[in-house]
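Trainee: Summarising the annotation, TrEMBL assigns heme binding site to A:His90. Sequence annotations record features per position, and here TrEMBL assigns transmembrane segment to A:33-54, A:74-92, A:113-133.
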Amino acid sequence: MAARNTARPLSPHLQIWKWGPNMLVSILHRATGTGMATVGAALLVWFLAAVAAGPESYATFRDVFTVQSGGLNIIGYVVGIGLTACLFQHMANGIRHLFMDVGAGFELKSNKLQAQATMIFAVVMTVAFWLYLGIK
Amino acid sequence: MRSGTAIGRVRGLGSAKSGTHHWLNQRLTAGSNFLLVVWLLISILRQPSFDYAAMHLWLSNPWAAIPMVLLVASIFYHMRLGLQVVIEDYEQDQNRVALLVVMNLFVFTIAAIAIFSILKIAFGAAA
């Protein structure tokens with residue numbers, strides 16, 4: 001890219017805008033996507049490779065996230081709940097983006113409501129997922 | 001070419017010819033990701049246990065191994081496209097090129113490991 005003409009002003013950035021749900025979910029979409037693409041992808045691959053390599057490798061993988069009795073430890077809960085929350089937020093906002101791609105939902109009020117709905121969906125689904133996993 | 005505004009430099013060069021491909025594939029994989037992730041979440045919730053025997057048995061079944069290969073392909077492609085946009089937005093010049101290369105190496109390497117692992121489990125006889 002050609003060098004920027006420093007005499008020209010930059011557009012105002014994050015610190016100048018009033019926070020709203022729309023910009024929050026937009027930022028969350030990037031953050032959750034990048035988080036899953038790095039931490040989530042690495043863990044998925046480690047899990048698959050560990051199962052493929054045999055019982056000892058899988059035990060090494062499992063011991064990082066579980067206590068002796070087989071339940072999750074702190075790392076297991078933080079990573080597990082973190083990744084599922086990221087997934088549900090990214091999923092909900094991704095679906096919202098598909099509607100916006102066809103030109104729907106740009107009215108100020110409904111756009112704000114959808115943005116809030118994605119976060120509510122993420123929290124509800126994460127709680128429901130872990131409750132079901134816990135009860136089962 | 002080096003002076004003037006960004007729009008001034010772009011004018012007259014014609015379209016980039018490849019923008020919609022990236023955009024469209026990101027959307028198409030978003031759709032396939034959704035279906036495959038719903039499958040994965042339901043599969044996780046239905047596991048009787050998460051010990052080695054249960055995991056190995058699950059992935060040795062074609063009904064799990066095939067969707068898992070598809071999931072890795074679809075998600076990792078979507079991931080590559082997404083990380084590319086993030087890098088292009090925040091990095092310039094040499095850093096951008098270097099990071100894009102590293103990102104591609106990362107994604108293709110872990111995709112190869114993932115798919116190889118799934119196939120090894122699936123083809124690994126009835127262990």
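One-based numbering along the chain as shown.
Glycine is treated like the rest: Cβ placed from N, Cα and C.
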Trainee: So, three-state DSSP: helix, strand or coil for the residue listed as 'heme binding site'?
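Mentor: The residue listed as 'heme binding site' sits in a helix per DSSP.
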Trainee: Measuring CB to CB from A:His90 (heme binding site), give everything in the same chain under 8 Å that is also at least six residues away in sequence.
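Mentor: Same-chain residues close to A:His90 (heme binding site) (Cβ under 8 Å, separated by 6 or more) are A:His29, A:Thr32, A:Gly33, A:Met36.
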